[in-house]
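Engineer: Please find one structure pasted underneath; my questions will follow.
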Amino acid sequence: MNPFQKNESKETLFSPVSTEEMLPRPPSPPKKSPPKIFGSSYPVSIAFIVVNEFCERFSYYGMKAVLTLYFLYFLHWNEDTSTSVYHAFSSLCYFTPILGAAIADSWLGKFKTIIYLSLVYVLGHVFKSLGAIPILGGKMLHTILSLVGLSLIALGTGGIKPCVAAFGGDQFEEEHAEARTRYFSVFYLAINAGSLISTFITPMLRGDVKCFGQDCYALAFGVPGLLMVLALVVFAMGSKMYRKPPPEGNIVAQVIKCIWFALCNRFRNRSGDLPKRQHWLDWAAEKYPKHLIADVKALTRVLFLYIPLPMFWALLDQQGSRWTLQANKMNGDLGFFVLQPDQMQVLNPFLVLIFIPLFDLVIYRLISKCRINFSSLRKMAVGMILACLAFAVAALVETKINGMIHPQPASQEIFLQVLNLADGDVKVTVLGSRNNSLLVESVSSFQNTTHYSKLHLEAKSQDLHFHLKYNSLSVHNDHSVEEKNCYQLLIHQDGESISSMLVKDTGIKPANGMAAIRFINTLHKDLNISLDTDAPLSVGKDYGVSAYRTVLRGKYPAVHCETEDKVFSLDLGQLDFGTTYLFVITNITSQGLQAWKAEDIPVNKLSIAWQLPQYVLVTAAEVMFSVTGLEFSYSQAPSSMKSVLQAAWLLTVAVGNIIVLVVAQFSGLAQWAEFVLFSCLLLVVCLIFSVMAYYYVPLKSEDTREATDKQIPAVQGNMINLETKNTRL
C-alpha cells in the first residue's frame, strides 16, 4: 500500500510534504553593521536595553519589597494568606514567560511584545497604586484592585522576561560572540543594581512618608510604577537602532505539533515493518521540514538538561523566606550600623555587583590561563555545589541559634516566671491539685530575671495553689492555668501584706527584630502611654496590665505619658532585638515617671554577621549558575526559538518555588534539618546534572543549517550522543 494513500479506515499514516515546506530558506540579505559604543563590539542599542532592564527590575523588586507588609497591615490579611498570595504571585511571574515567548516568536516579534506587554505592566502598577489609597473605597475594592494589578504585573513582567534578554543578544553579529557573552553579565548586573537600589528606597517611601495618617503604600507602589514608565520610554527611544528579527511563524505550535506527530507516527509503526530511524523526532520527517526537526532536536536537547535545574532555584529563592526568618532570630547590631532582618537579603544583589566583574575579569581568566576548560555547564555544576555548601552553613547557623532560642512548653506543661514587686524577699511554693510540690523558689525584691520554671500539669487545665511567705506572713492564692502557655506571677504589696496576680505571657520572641513591651501601672491613676505612631496604650490604675506593643529596636529616652490631669515623660532606655520587656511604673518624681525594667525574654545574642558566609556562597553560586545559564540558553537555542528557550529557563524558577512550598508544607522537619535536606537534594541533582552534561554535545551555529541539506547525525536516547567522546561538561 502506498504510505501516502488513505486506508479504508481513512486514517493517514503519513502526510505528504508540501512543495513550500521542501523549498530551502531564502538567503538573508546582507546585514548592516549597527553603530558601536566607543569603537567597542557593543552596539549602541544595547545601552537602551540595559537601562530598560535596570528600570524594570527597580519597578518589580521595589513593589515586591513592601508587598507582604501591604497584605498584613493595609489589607489586614493574616500571615498565612499573605504568604500564600505572595508566593502565588511570584510563581505566576515565572510561568507567564511561556506566553510572552509564544507571542514574540510566533506573532509580534520581540520588540513589539516588549512594548505592548510593558503597557500592560504599567497598567498593573496603576491598579496596584489605586488599591493602596485608603480613602478610595473599602477593603473589598482595595483587594480587587490589588489582585487585578498583581495579575497584570505578573503578565507584564513575565511576558517580557524571555524577550528582553534574547532581544539584547539579537543585537550582536555572530563574529562578536565573546562580546555577547559579556553582555549577559552586564545584563545581569543591571538586574541586581535595580534590585539593590529599589530594596533600599521603597521601604523608606513606605515607612518614612505618611499618607492619610499611615504608611504610604500608594507612594511605595507609585514610584516603581513611574520607573516602569521610564523603562518603556527608554526602550522605545532606541527603536531605530535595534536589529528586529521578524517572528518565524507559530513556533510553539509547530514544535508541539512536530513532537506530537513524531510520537504518534512512531507509535503507529512500532511493529517494525518500517526501518528504524536514528532519532525518535525523525519520525516527523514525512510532514515537517528537516530544518524544523533539527531545531526541535536542539531545543529538546537543552530542555532535557533543564530537568534538574529547578532544585537550584528552590534553594536560591529561600533568601527572602527561610533565611530572613533565620535572621529574625539573630542580633543585627553591627556596632557601626544596625541591620534589620529583612535588610540582610540586600546583601545578595550587592555581592552580585561585586562578583560579576570579579569572576569575569579575574577568576575565569586565571582558570583559562591554567588551560582548564571551564565550560558553561561546568560553571553551572560548580554553582550547584556552592549552593549546597551555603545551605550546609545555614544549617550550622540554625543549630547555633537553637541553642539560644527561648523554648516553648509542651503538652501538660506551662512555663512560670516569678516577679517580686514587694518591698522584701518572698518565698514562693506552688502546689498541684494533690498538694504535690511543683515549685519552690525564693525571689528577691525587684529581681531582674529571665528565668522561667517548667511546671508539669495533671491535665490540660488546672488550678494551682500558690503559697507566699513574706516576712512572718503567709498568703495563699489560687490561679487557673492552661497547658502550652507561659505565665508571670506578679507579687505586689497589698497594704501591710502581699498579694499576687497571674498574667499570661506571650513566651515568643517578637518577629522581624522588633522589641515587645508592656506596662504594669502601680499608680492610683489610669495612664495613657504614647509610642510614636500607634494609638496610646491604656493602662488601668492599681496594678493594671497593658497589652503587648512591638516597637523598633532603639533608644526611647522620653516616651509621652499622661494621666487625666498631668503629662509625664518616661525613659525606656535601649530596647533590643527580639527582647520582651516588662515595665512596672512605680512612682512619680520631678523628672517624670519612674519604672522598673525587666527582661522577660533575653536579647538575640548571635550576630547576624554569621549569615555572611552563606550569603557569599549562595551569591557566588548564583553568578556561576544564573549568569552562565542565561548565556548558555541563548547560545544553544536555534535562531527561531531563542525566546522559547529563555522562557523555559525562567519556568525552572517557577517550579523551584513550588518545590519550596511542597517541602516546607509537608516535611515536618526542624529548620536545620530542612536546610540539610535541601542541601542533600541539590547535591544528588548536581551529580545527575553532571552525568547528563558529560554526554551533552553543544550546538554549533551551523548545525541546524546543515541539517536541511544532509542526513541527521546518529543520536540516541534523549538527545544525548553516546557515541562521541567529544564531550563538554
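Including glycine, each Cβ sits where the backbone N, Cα and C put it.
Quick paste of what Swiss-Prot says about this protein:
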- SER9: phosphoserine (MOD_RES)
- THR12: phosphothreonine (MOD_RES)
- SER28: phosphoserine (MOD_RES)
- 58-78: transmembrane segment (TRANSMEM)
- 79-87: topological domain 'Extracellular' (TOPO_DOM)
- 88-108: transmembrane segment (TRANSMEM)
- 109-113: topological domain 'Cytoplasmic' (TOPO_DOM)
- 114-134: transmembrane segment (TRANSMEM)
- 135-139: topological domain 'Extracellular' (TOPO_DOM)
- 140-160: transmembrane segment (TRANSMEM)
- 161-183: topological domain 'Cytoplasmic' (TOPO_DOM)
- 184-204: transmembrane segment (TRANSMEM)
- 205-217: topological domain 'Extracellular' (TOPO_DOM)
- 218-238: transmembrane segment (TRANSMEM)
- 239-295: topological domain 'Cytoplasmic' (TOPO_DOM)
- 296-316: transmembrane segment (TRANSMEM)
- 317-343: topological domain 'Extracellular' (TOPO_DOM)
- 344-364: transmembrane segment (TRANSMEM)
- 365-380: topological domain 'Cytoplasmic' (TOPO_DOM)
- 381-401: transmembrane segment (TRANSMEM)
- 402-611: topological domain 'Extracellular' (TOPO_DOM)
- 402-611: region 'Extracellular domain (ECD)' (REGION)
- ASN435: N-linked glycosylation site (CARBOHYD)
- ASN448: N-linked glycosylation site (CARBOHYD)
- ASN528: N-linked glycosylation site (CARBOHYD)
- ASN587: N-linked glycosylation site (CARBOHYD)
- 612-632: transmembrane segment (TRANSMEM)
- 633-643: topological domain 'Cytoplasmic' (TOPO_DOM)
- 644-664: transmembrane segment (TRANSMEM)
- 665-674: topological domain 'Extracellular' (TOPO_DOM)
- 675-695: transmembrane segment (TRANSMEM)
- 696-729: topological domain 'Cytoplasmic' (TOPO_DOM)
Engineer: Measuring C-alpha to C-alpha, could you say which of the glycosylation sites ASN435, ASN528, ASN587 are within 10 Å of ASN448 (N-linked glycosylation site)?
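Structural biologist: Those near ASN448 (N-linked glycosylation site) - Cα within 10 Å - do not exist; the answer is none.
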Engineer: Summarise the model confidence on the region 'Extracellular domain (ECD)' (402-611) as a single mean pLDDT, whole number.
Structural biologist: 86
Engineer: For each of ASN435, ASN448, ASN528, ASN587, count the other CB atoms within 10 A of its CB; which of these glycosylation sites has the top count?
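Structural biologist: Counting Cβ neighbours within 10 Å, the top one is ASN528.
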Engineer: How many helix, strand and coil residues does the topological domain 'Extracellular' (135-139) contain under DSSP?
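Structural biologist: Computed counts for the topological domain 'Extracellular' (135-139) are 1 helix, 0 strand, 4 coil.
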Engineer: Do at least three CB pairs under 8 A connect the transmembrane segment (675-695) and the transmembrane segment (381-401), leaving out pairs fewer than 6 apart in sequence?
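Structural biologist: Judged by the Cβ rule, the two regions touch, with the required three close pairs present.
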Engineer: Quick one: what's DSSP say for ASN435 (N-linked glycosylation site), helix, strand or coil?
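Structural biologist: DSSP assigns ASN435 (N-linked glycosylation site) to coil.
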Engineer: Taking helix as H, G and I and strand as E and B in DSSP, count the residues of the topological domain 'Cytoplasmic' (239-295) in helix, strand and coil.
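Structural biologist: Helix/strand/coil tally for the topological domain 'Cytoplasmic' (239-295): 32 helix, 0 strand, 25 coil.
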Engineer: Among 114-134, 218-238, 296-316, 612-632, 675-695, which stretch has the highest count of C-beta pairs below 8 Å with the transmembrane segment (644-664)?
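Structural biologist: Between the candidates 114-134, 218-238, 296-316, 612-632, 675-695, the best contact partner of the transmembrane segment (644-664) is 296-316.
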Engineer: So what's near the transmembrane segment (296-316) in sequence-distant terms, Cβ-Cβ under 8 Å and 6+ beyond its ends?
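Structural biologist: Sequence-distant neighbours of the transmembrane segment (296-316): 255, 258-259, 279, 281, 284, 377, 383-384, 387-388, 390-391, 618, 621-622, 625-626, 629, 633, 636-638, 641, 644-645, 648-649, 652-653, 655-660, 663, 678-679, 681-682, 685-686, 688-689, 692-693, 696-697, 699, 703-704, 712, 715, 718-720.
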